[in-house]
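Notes follow once the structure below has been shown.
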């Protein structure tokens with residue numbers, strides 16, 4: 001078993017100011033998006049669409065607003081609505097954590113629609129350009145989660161090579177033991193807990209880095225190297241992220257205040273299903289639209 005290093009969540013101390021790793025990872029993610037965007041400007045078909053470096057800079061302004069506002073509101077509404085309705089001022093305590101990817105996704109989508117309207121472009125043309133810029137930012141965010149030792153995975157077999165002990169999960173581990181006697185006996189977890197006061201878990205943050213971040217980036221980046229029907233790149237992002245997140249959620253510990261919902265699925269999985277379905281529908285629409293336009297021009 002591997003013991004999580006339990007990093008200091010503060011990366012840099014500047015007198016009374018503290019720069020946290022999680023915030024730093026957001027910065028890394030936005031920088032990565034800019035770099036990927038500038039690389040995409042070199043593609044002939046992208047340049048022919050009139051994209052410029054200034055467009056990328058302006059997109060990032062909209063993207064930051066959409067990510068932060070959408071991510072926070074998504075967490076408030078999707079995950080802890082009852083709490084925040086009772087404590088409305090706590091909505092603004094972003095330093096205490098609480099961001100939702102699905103909320104951030106909706107926020108960025110609306111922000112890109114606004115950007116498209118101002119630039120007189122079709123919003124799908126904008127999201128097609130942006131989609132390959134997103135996954136490395138997601139990977140950076142999940143790395144921030146791992147450094148913080150949060151959003152850990154479900155309890156697993158201690159003999160598994162990926163099994164990891166998370167000091168931050170001690171209280172959850174103690175509460176987990178009496179609820180799962182069969183697994184405790186099967187995996188000899190009582191002995192493990194007696195020795196470490198922790199239980200082995202999936203490092204699900206690393207799985208998300210690999211699937212939602214690195215793998216999805218290469219799939220989108222390679223797919224977007226050639227001209228595709230409008231909406232196809234955006235559709236592939238929806239399908240790819242939705243499938244990756246849905247899969248990883250089987251190894252990720254559900255939020256303790258929600259648990260598993262209908263059909264034994266987590267909130268993250270239920271929110272990912274519409275993304276997958278919308279992506280499939282959009283992909284079919286994109287290619288049928290191109291075929292119809294080609295037939296009309298023939």
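Glycine too: its Cβ is placed from the backbone N, Cα and C atoms.
According to Swiss-Prot, the transmembrane segment annotation covers 17-37, 59-79, 97-117, 129-149, 204-224, 230-250, 257-277.
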Outside the transmembrane segment (230-250), six or more residues from its ends: residues with CB under 8 Å to it: 101, 122, 124-125, 127-128, 131-132, 134-135, 138, 204, 207-208, 211-212, 215-216, 219-220, 223-224, 265-266, 268-269, 272-273, 275-276, 278-280, 282-283, 285-287, 289-290
Non-local residues, at least 6 beyond the ends, that sit with Cβ under 8 Å of the transmembrane segment (257-277): 78-80, 83, 102, 105, 238-239, 241-243, 245-246, 249
Chain residues in Cβ proximity to the transmembrane segment (129-149) (below 8 Å; excluding those fewer than six residues from its ends, i.e. six or more beyond): 4, 6-7, 9, 21-26, 28-30, 32-34, 36-37, 40, 46, 49, 51, 59, 63, 101, 108, 112, 166-169, 203, 205-206, 208-209, 212-214, 216-217, 220-221, 224, 233-234, 236-237, 241
Other parts of the chain folded back onto the transmembrane segment (204-224), taken as Cβ under 8 Å at six or more residues beyond its ends: 36, 40, 43, 128, 131-132, 135-136, 138-140, 142-143, 145-146, 151-154, 232-233, 236-237, 240-241, 244-245, 247-248, 251-253
